[in-house]
Amino acid sequence: MKPVIVVHGGAGRIFKEREEGSRTGVVRAALRGYGILKQGGSALDAVEEAVRSMEDDPHFNAGCGSVLNEKGEVEMDAIIMDGKNLDSGAVSAVKCIANPIKLARLVMEKTKHMLLTDRGAHLFAQAMGIPETPGEKLITERSRERWRNNLEPDSNPQEFQKDLGTVGAVAIDSEGNVACATSTGGLSNKLTGRVGDTACIGSGGYADNHSGATSTTGHGESIMKVVLARLILYHMEQGMSPEMAADTALDYMKTRVGGLGGVIVVDNSGEWAARFSTKQMSWATVKDDQIEICKYITSKKFCFNPL
């Protein structure tokens, strides 16, 4: 099996001044993940590394760069899933953690649970030796300014949600195993303790070797209502291609609950898709040592040596 990785940096509207940073960020993440696959590494390791790369990039709404809740604090969600055995780990409403995706994987591998939240997740991180990152170090000036603007009496928070950058990755490795990972800072000025789709298995992501893997982005409450990630794999199990399954599920979410979003998908034969119902979505994929980049910037393909 030839390995494949697809990453996304969020669906919505990508402002002109952020296009280059978003493009560079998803390319870097895809290359890092593919480098692991190229050396015979697992899909699970590849998606974790790709998402960690974007969590460390302030252009995205995950890790450093996360948006702020109503109190001006960072609260993050993340999920990772192994398609080989359907094991999954997730965290929600976590603070002072630079890479929530790493903590999500530890939940999967070191506990009997699938989801830890808030203080419980914090205590678990301490027990696992994950260093605490001061909350201020996760806050960018852009996130702070967005938070302040949303506090104004005449503000329109919905307008400022359009360029959010939830991140995710899906991959298939040389052994034919698939995996997914998704991470986010959520919605700007959200209620304290709000958890969106990202940490919810079947909504923010799903992976199953019998069909494929997907990671979602967009309006979290809408994604949860239709269980978007699992819905896409269901359509694939009925014989649809990744692209058709993604479009069908996104169309259903739009018509049924008025929600917009985006998805990346890889099936168990290595076919992939990156589809969205929003204005734009940053994404990149690597297959056969070729990278393809989101078409809102460029559709150019080129060869490279990732090692």
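For all residues, glycine too, the Cβ spot is worked out from N, Cα and C.
The active site, nucleophile annotation in TrEMBL covers Thr166. Summarising the environment of Thr166 (active site, nucleophile), the number of other Cβ atoms within 10 Å of its Cβ, over all protein chains shown, is 31.
Taking a C-beta cut-off of under 8 Å and a sequence gap of six or more, Gly218 (substrate binding site) has these contacts in its own chain: Ala11, Gly12, Thr166, Gly259, Leu260, Gly261, Gly262, Phe276, Ser277, Thr278. For Arg194, Val195, Gly196, Asp197, Thr217, Gly218, His219, Gly220, the entry in TrEMBL reads substrate binding site.
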Binding residues Arg194, Val195, Gly196, Asp197, Thr217, Gly218, His219, Gly220 (substrate) - maximum C-alpha distance in whole Å: 16
